[in-house]
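Chemist: According to TrEMBL, the compositional bias 'Polar residues' annotation covers 833-843, 874-894, 970-984. Annotation source TrEMBL lists compositional bias 'Basic and acidic residues' at 844-869, 987-996. Feature annotation from TrEMBL assigns domain 'Cadherin' to 22-140, 141-251, 252-359, 372-467, 468-572, 573-679, 698-783. Among the features that TrEMBL reports, region 'Disordered' is placed at 830-894, 962-998, 1053-1075. Per TrEMBL, signal peptide is recorded for 1-23. What TrEMBL lists as transmembrane segment is 797-819.
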Amino acid sequence: MEDSRVLRLLCVIVMVIMNYVTCEDVTYTIKEEQKPNSVVGNIGRDSKIHDMVTDVDFANLRYSLLTQGNAFSSFFTIDGVTGDLFAAKRIDKESLCPFTTACVLNIEVVASNQGSGGVFFESIKIHINVNDINDNEPVFAQQRASIEISESVNIGASFSLTGAVDKDTGENNTLKKYEILPKDGPFGVGFNINIDGSSTVSIIVEKQLDRETKDSYTVTIIARDGGQPSRNGTMIVDINITDYNDNSPKFSDEIYNATVRENTPSQTVIQIVSAIDDDIGKNGEIFYRLSARQSADIHRYFSMNAVSGAISIRTSLEYQTTENMKIIVEASDRGVPPKFSQAIVEVTVIDTDNNPPQIRINMLSGLINALILETASIGSPVAHMAVTDPDSGQNGVVNCYSQNAAFDLRALDKNEYKIVVAKVLDYEESRSYLVTIMCEDSGNPPLNSSEYFTVDVLDANDNKPVFIQTNYAVSIPENNSINDTLLQVVATDADTNTENGRISYRLQDDAYPYFDINPSNGIVKARVVLDREDNASHIFHVLAMDNGIPKNTATAEVIINLLDINDEAPKFEKDSYTFYVYENRNANTIVGNVSAFDPDLGPGGLFVFTLATSDFTTKLPFTISPDGLLSTTRMLDSESQSQHVFTIFATDQGVVSPLTGSTRVTVVVLDENDNTPFFTFPNDANHSLTVYLPISKNSSIVKINAADDDSGVNGKITYTLRSDNVSSLFVINPITGNILVTRDITPADIATYHFTVSAEDGGKISNKLERRFSISFELERVNVGSLGGDGNQNVTIVVALICATILVSAAVLIALFVIKRRDRNRRAKYLESQKSSTGNTEAGKSDVQFKSEREKNGRMNEIEGKDNPAFRMNKSQGQGNNYKQVSESSLKGTSKLNESLDTSTATDIPGGVAVGDHAHQRLIKMASIRLQHDLKLHANHAPIHHKPLTYEAKVREWQDHSRRAEDFHSTSSGEVTTGDSGNGSDEDSHYHHDRNITPTKIRLGVGAVVRNHYNPAPLEKHKTANNLSTTPRQVKFVIPSEDCVSPIYSHYSHSHPSIRSDATEDNDDTTTSGSYSIMMDDIRSELPDFNVVKDIYV
């Protein structure tokens, strides 16, 4: 029971799955015309429906055709149980699918059942391809046809017939070719198969046809398809050869003769002609006629019967003029086109009566009157005249003549004339002539007749226009307006005819594009603004032309002269000029020439030259002549001014408004070698140099500098060197002036070397200057490291100095700020107390007196400075203390100084006067900032360690620095004299390029603030008193300039007064030597003595 349920469930699942499987479309291919009940195929097998159901359900399937909506279902039947599909009846492809190659019949079959798995229903689409078989033969629309072909057709001509049609559409079953029988006849066959399956067959003429030889043919056209075996259809064609009018009628005789009297009655037959034609029908039907191409008299006197060919007299022959007459007769068929032949009938007329001549005049003009142009030449015809006389013999001989002398007769043929002009005609003299013609025969008696007609003379364009003047001239001012009227030209024409005498005007090409003319009245106008400077006069020609045929013309010359107006400024040949002149030339030297032109006439074309600079104020060293010659007014100097740029003006002399032109002129002053080189180093002030060892080979130890005010090659300097003692030790670069050593310098070379340096310019005649110069070699300087200690100790000292400097600077800045604020408050109190004071002689001193006292106090301070303990300490310890001791002392002193500054206050002055002032604050601030800057500078340039010097070397080094301190002012301070050392200025010291910086001596002083009360006693007291506590002291913070040695604490080492008196003063009390001084007498307060003073080298 359970198994049955499982099986049933599986079946249901299978059926459900199968419901989602669709059958494939089924395609069959069958041939048409199969018998009914022919098997097409099995639907169940071919549609793979078996894969969709079980075998049991497949066996239970039932099949049925769907008829609704399936137009081709009636052609098939299906076995509902087996699924076999049958053809129900014959299928004709040509009926179902005409005109197409492919034929597909679509039907639909349904397979269904109600099996154990549920309801199965599937629609299957069936596509049946019906293939064509060769079951149809080509069929002609008609079995027999008739055509007509003219015997005159050309070979290759074709005649189309409706071709056969084959209903089969298979590739090989359709119509393929045509044949014609008999094959040896004069015809062939051609065909063309159309897209729709129809065809056109053509009978082609292959041989020449002749109806007269054979007039009909019967051929058979066969159409064959391409089937195996092939099918064919036939059509019989009857061909009738139609006649072509290829034969002309033929007369029995070519010439017929007849004789008749002139009085023979009309309608009398005088001759019968006959002809035959081999053609048939209309082509062979003959009729007769008189030829149209013969004398009109023949048609007037004779007529011809078209059917019988009989010639008869139409009118009496009495008035005919000839004795023998030729009649041309024609025999023509009625073919298209017709053919004809001609014959001649000669008729002899026998004269019986005498008649007067008959005159016929025909005007060539076709009008009643003859017309002739007056310009007609002699012999020009005006009319045609013919005279007839029906008589024969002498009675028919006629003579004619004109009775007007202006016209004459000229014979054309017997009794035929043309009337011609016999003399020159003139319309203006006679406009018409009456001409009479007389004719007379030679009979006895003679008979005559006359005719007259009128000849009208036509006016010809035989007169040319004539200008009243052959030349026209007019003068007008330039700068006219456009369309201004300039003049009028007039011409006449003697012809009276309207057109021949009507004149029109036009300008010839030489007037373009300046002028226009009115073609009717001859008024000439300007079409542009005329400029005399472009063209002073315009010459052109005017054409007067009548309107006759042909046209006659006349020409007149027109001259337009332009009067000048001052409208052009002078113009220079160049926009700018450049001239060259050598300096040092005398005045009136010619520089160059400028040229200008002014196209105006009169004063407007005359101009003068003037010179001016851009600012119109600078006096130029040039003058210009009226003809543009530029010359100098003084000697020029290239070194003062190498070129002069100015403007030359050319101003015309126009009366109303003078006009000006200008050009830019540049005068380049060429240099001459008129300057001697001069030395900037060495010079009178600096002509020596000390160089320190070591110095390597090819090192540049000094650069000689010279200059020359000349320019170019004249200012190019070449240096030479002449050594007095060792010439091979030094060389000089002739271009740069650098002096180099030729080898390494050793201590053995230490000495002073003297040279002669020369500087020579490059002029053709050169100038040369020589200068004496000396170079001293010495050992290297002592640095801080040489005083003791190792490298690490030196680094520690430098770091300590930097730290000390920063601390001191910070302390000084803070102290300055506090002091400045306190001084401001005290000054306010001082001013209040000053107002209440009854008098104070010391406060009332003038600034001049106070300055004098300050200078005296300074000198006293210099004297007292010799006994200063700090000085003595510095002097005694100058050679014994090492750098470390100095640093420790300096730092200790700095600490004291900071402590003192923090606790310091202004000295109390009796009367409540405050000691602090702006000068005091500013000087302290400047000194502290500059001291801090230089200490940092020297600390950053750590010296290179060198070997310690000997005692003698150290002393010599110290002495050298002392000498150099004295020389310092020679450059930095602007002095021009050398110091006592003889070594020149600080700029003269050169060091080897391997050194970072030259060792420099710095004297550092540090001390605590000691307050002393100000003594208001007169300053003169200081001159005699030796009391340090009451003597104003001078304290100087010294910061040496870079690469030089400055005078440090010069007030300790010299007895002269304050340094202030030897240096140039500025706003911040800074001497130009690099020393900054703060004087106690300036600030009216005290600064501490230095506890530690030490000279150090960095």
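Note: Cβ is positioned from N, Cα and C throughout, glycine not excepted.
Heads up, TrEMBL stuff is auto-annotated, nobody curated it.
The structure displayed is predicted, hence computed values, not measured ones.
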Chemist: Reported in the order helix, strand, coil, what are the DSSP residue counts of the domain 'Cadherin' (141-251)?
Modeler: 0 helix, 57 strand, 54 coil
Chemist: Helix, strand, coil residue numbers for the domain 'Cadherin' (22-140) per DSSP?
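Modeler: When I sort the residues of the domain 'Cadherin' (22-140) into the three classes, I find 19 helix, 48 strand, 52 coil.
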Chemist: Using DSSP, how many residues in the domain 'Cadherin' (252-359) fall into helix, strand and coil?
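Modeler: For the domain 'Cadherin' (252-359), the helix, strand and coil counts are 10 helix, 46 strand, 52 coil.
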Chemist: Can you work out the mean pLDDT of the predicted model over the domain 'Cadherin' (372-467)?
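Modeler: The average pLDDT of the model in the domain 'Cadherin' (372-467) works out to 89.
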Chemist: Could you tell me how many residues in the domain 'Cadherin' (698-783) are helical, how many are strand and how many are coil under DSSP?
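Modeler: Counts, helix then strand then coil: 7 helix, 43 strand, 36 coil.
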